[in-house]
Amino acid sequence: MRKNSSFLHLFLSFALLLGQAKPDPDPLQDYCIADTKTPQYFYFNGAPCINPELAVSSHFSTSVLSKPGNTKANPFGFNVTLTNANNLPGMNTLGLSMARVDIDANGIVPLHTHPRASEVTTCLKGRLLVGFVDTSNRVFTQQLNPGESFVFPKGLIHFLYNYDSKAPAVALSGLSSQNPGAQIVSLASFTSKPPIEIQILKNSFQITDQDVARIRKNLGG
Ligand SMILES: *[C@@H]1O[C@H](CO)[C@@H](O)[C@H](O)[C@H]1NC(C)=O
């Protein structure tokens with residue numbers, strides 16, 4: 001009996017671990033145009049589809065990536081514009097998305113992760129220094145000129161920095177999920193709501209009360 005239950009435990013742990021490494025589920029139909037109009041009364045994984053007979057070409061098209069995002073809305077000097085089920089409803093269930101990344105001169109997309117997606121980014125304009133840290137704490141970085149690409153493996157902490165002090169940069173990223181998610185390390189740590197206990201931050205980063213207060217203030221928390 002005990003042996004059985006610990007085997008079950010092991011099996012479930014493996015199933016969980018494997019499950020986390022899976023991409024978005026495969027669609028069961030050609031497409032599933034996201035229904036962004038009908039109010040949702042119950043919630044499931046993804047967005048519901050409209051009647052496929054009502055699908056039109058414009059559902060598969062978007063111009064959201066044609067305009068730069070506002071890089072002044074945060075202290076880092078970047079903005080990410082992402083396709084999603086609302087602005088590109090024909091993308092629903094296809095397991096991918098695209099992002100336009102605008103970065104001011106010397107601006108940064110600070111250390112962050114996408115829990116549900118790998119990302120391949122191509123520098124379209126400017127000079128980028130990009131990189132990620134793997135789970136053994138090794139860093140991989142590269143300078144990108146226009147036309148050059150770099151890949152960030154799923155879930156790993158990464159950054160994009162515009163090392164040009166005069167010109168803005170633009171990058172285009174493909175992501176392997178329709179809902180990649182993003183967690184910025186500094187904001188998650190210091191500006192969460194409700195805030196993480198100060199003692200936790202002090203111990204985690206080996207810093208003082210004053211350091212915590214200063215970082216929170218700098219990040220607008
Ligand atoms: C990006 O820009 C949009 C407007 O273009 C703004 O609403 C949003 O807050 C900005 N995002 C960040 C992370 O600053």
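Here the Cβ of each residue, glycine as well, is placed from N, Cα and C on the backbone.
Here TrEMBL has His112, His114, Glu119 binding Mn(2+), and the candidate from His59, His158 in that same listed site is His158.
Compute the center of the Cβ atoms of His112, His114, Glu119, His158, which mark the site for Mn(2+); besides them, the chain residues with Cβ within 8 Å of that center are Thr113, Ala117, Phe132, Phe152, Leu156, Ile157, Pro180, Ala182. For the recorded site, His112 (Mn(2+) binding site), the DSSP three-state label reads strand. The most densely surrounded of the disulfide-bonded residues Cys32, Cys49, judged by C-beta neighbours within 10 angstroms, is Cys32. Between the binding-site residues His112, His114, His158, the minimum number of other C-beta atoms within 10 Å of a residue's C-beta occurs at His112. Here the C-alpha separation of Cys49 (disulfide bond) and His112 (Mn(2+) binding site) works out to 31 Å. You'll find the Cα of His114 (Mn(2+) binding site) roughly 24 Å from the Cα of Cys32 (disulfide bond).
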